[in-house]
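Chemist: Have a look at this one.
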Amino acid sequence: MAVPVPLGRFGSFCLRLLRLLALLELLVHPVLGRVHHLALKDDVRHKVHLNTFGFFKDGYMVVNVSSLSVNEPEGATDKDAEIGFSLDRTKNDGFSSYLDEDVNYCILKKKSMSSVTLVILDISGSIVKVRSPPEAGKQLPEIVFSKDEKILSQSQEPAVSSNPKDSEARRTLDGFKAGRSTVDSKAITERSFSIHKNDGVVSFQFFFNISTDDQEGLYSLYFHKCSGNNVKPGEQASFSLNIAITEKNPNSYLSAGEIPLPKLYVSMALFFFLSGTIWIHILRKRRNDVFKIHWLMAALPFTKSLSLVFHAIDYHYISSQGFPIEGWAVVYYITHLLKGALLFITIALIGTGWAFIKHILSDKDKKIFMIVIPLQVLANVAYIIIESTEEGTTEYGLWKDSLFLVDLLCCGAILFPVVWSIRHLQEASATDGKAAINLAKLRLFRHYYVLIVCYIYFTRIIAFLLKFAVPFQWKWLYQLLDETATLVFFVLTGYKFRPASDNPYLQLSQEDDDLEMESVVTTSGVMENMKKVKKVSNGAVEPQGSWEGTA
């Protein structure tokens, strides 16, 4: 019987890598959930996406700008720069059309836009203007620069930092307090408020609540800095911003599409735990046909189940208090890391045929692992940084793009071992006289290749498109599809490679082992006179104790 050879330096490399990432997990501090705080200094971006949140009726958002200033370098020609905020409302997570226009397009200079409310700042005059679209009717909430009794019943009393400057603003504010948070299409659409200014730094607070069913939707808050024409890159004005955002639905700090997620994660964790328990029962029942890879496969559903449980706990605390408990968040990050690394390692090991059709990883196989494991580590690091970083920071977009690219490379890399095994079996079926067995293995490997492609397609492409296609309150269907596709992939992989004597993948021929061990045997003088003994079936002629040792 061929004895599995330790992975040596490759295994120690993996161990060091996992220790390093575990240390990184402990150093990461989770972001404050749905109670956001963002500090930007000397930023020159034209547009900053502050946040996106799905609101139900009676939900609200409070935006507290504690300091905002514009810094103009010496000799700057960007004297007529405009700054302000925009509140965009959509029915799903699709892209806002007005944000995808020309790079020099400035939304703050538009007099009227459907489904967009503008908050335009005049720092020199200590004035803020609120421009609401007249054609929106009752579809948008009213932005208010004064305390609101309805919001006070659900949150801490916001400080009064601005006063209406005209009678129209007072009438609108009174109407808002009466529960009529809508935009009258016949009213004046622009209102002005005074704001506090000290040494060129302004501070103010505004908020809104969703008072009708028609106002429900996905709201995105942006900060804009519109430069003047013909401004050179080195002469652009920069801004410094310190802002806190609190958003809440009636009974949860979670966005409308995230409210069902804690229950969903707990339910899926039970399914993964049940599938892992069934798999353990199968391994114990067919002990003679079990390999080490089978036990590695057994660890996967339990790790996935733990990750989902901790994720549900994390979301539960965010839902109830607006931010996670740091300890639970770190535990979730660690289990998420282990699950991701274990998943890709297991897929790659099955694809190479390790412990099934060969007991030694070739140099080509080891190179795949030297690529896949660091990529998977980098993908997990990117995911953790994204979860721990505010959306408006400069590095958020970089890490988000990096996560997408690295995850795509990971998915492509794990397909190579399967393709190589298919080619190897195609050549073997035509040369070694055992066409029936090799063709059965070949058919199974092709099925496994299709299975991996479908898994990647559903979890990376279909689920991603679903997130942008469904209404905002059904955004959780994206996670449901992702977790369901993962569960189906686990079950089908276990069924295809289950420990059974009639499984074509496990019907090994001694010649397959000889091909891998040929160089070792021919260079050993001690084994010069040894004869080959043909093996009838996988595990049928070996004593039970020997198989237990390799499993």
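Placement of Cβ uses the backbone N, Cα and C atoms for every residue, glycine included.
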Chemist: Pick out which of Cys106, Cys410 Swiss-Prot lists as the disulfide partner of Cys226.
Modeler: Cys106
Chemist: Taking the topological domains recorded in Swiss-Prot, do Arg286 and Pro499 share a side of the membrane?
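Modeler: According to Swiss-Prot, Pro499 sits on the same side as Arg286.
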Chemist: Applying the under-8 angstroms CB criterion, which one of 293-313, 368-388, 402-422 scores highest with the transmembrane segment (450-470)?
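Modeler: Maximum Cβ contact count belongs to 402-422.
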Chemist: Quick one: do the transmembrane segment (476-495) and the transmembrane segment (293-313) have at least 3 Cβ pairs under 8 Å, skipping pairs fewer than 6 apart in sequence?
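Modeler: Answer yes: the transmembrane segment (476-495) meets the transmembrane segment (293-313) with 3 or more Cβ pairs below 8 Å.
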Chemist: Check the topological domain 'Cytoplasmic' (284-292) for me and report the mean pLDDT.
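Modeler: A mean pLDDT of 86 is what the predicted model shows over the topological domain 'Cytoplasmic' (284-292).
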